[in-house]
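Inspection log for the structure reproduced underneath, given as structure tokens.
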Amino acid sequence: MIRIGHGFDVHKFGGEGPVIIGGVAIPYEQGLIAHSDGDVALHALTDALLGAIAAGDIGRHFPDTDDKWKGANSRELLKDVYRRVKEQGYRLGNADVTIMAQAPKMAPHIDAMCAAIAEDLETDISNINVKATTTERLGFTGRKEGIATEAVVLLFKQ
């Protein structure tokens, strides 16, 4: 059996940098406001995995009303969810992540993001794609108010 999952996340800028995205700390004058570390890429990816196994969303498993998750490392959340994916008998086929941000520039960090995600999902880096785009200065991302990310995953039954 093959399953697909889709995830989406948004965080607004605020406070001190760096911005953590795809498991990588990117120098920037502001950080992202969040209960956890605010890693929009990993949050979208985590939601995609949860969606693929019909297990709800990240907020259900790691609620922002629970102080246990305050400042949580999103790489640990992703690994926890991938453990659940494997427990249900699935393995990752591939993951594709799109980051929508006017700033900071993502291109210099994409390879490191792919490597971190591949490590966390126990897969070859060739199964992970991360790309970034601006919104041509349109909308909240274009005004540099925040960052949005979408992710899709393909899972195969083992």
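Every residue, even glycine, has its Cβ placed from backbone N, Cα and C.
The divalent metal cation binding site annotation in Swiss-Prot covers D9, H11, H43. Annotation for H43 (divalent metal cation binding site): same-chain Cβ neighbours under 8 Å, separated by at least 6 residues, are G7, D9, S36, I58, S74, L77, T149.
For H11 (divalent metal cation binding site), the number of other Cβ atoms no farther than 10 Å from its own Cβ, over all displayed protein chains, is 21. Per Swiss-Prot, the feature 4-CDP-2-C-methyl-D-erythritol 2-phosphate binding site maps to 9-11, 35-36, 57-59, 62-66, 101-107, 133-136, F140, R143.
The 10 Å shell around the Cβ of H35 (site 'Transition state stabilizer') contains 16 further Cβ atoms across the protein chains shown. Marked as site 'Transition state stabilizer' by Swiss-Prot: H35 (among others).
Mapped onto three states, the DSSP output places T134 (site 'Transition state stabilizer') in coil. Among the features that Swiss-Prot reports, site 'Transition state stabilizer' is placed at T134 (among others).
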H11, H35, T134 filtered to the recorded positions whose C-alpha is within 10 Å of D66 (4-CDP-2-C-methyl-D-erythritol 2-phosphate binding site): H35
Fewest Cβ neighbours within 10 Å, where candidates are the recorded positions S36, T133, T134: T133
Using Cα positions only, nearest of the recorded positions to F62 (4-CDP-2-C-methyl-D-erythritol 2-phosphate binding site) (H11, H35, T134): H35
Among D9, D66, which are binding-site residues, the residue with the most C-beta atoms within 10 angstroms of its C-beta: D9
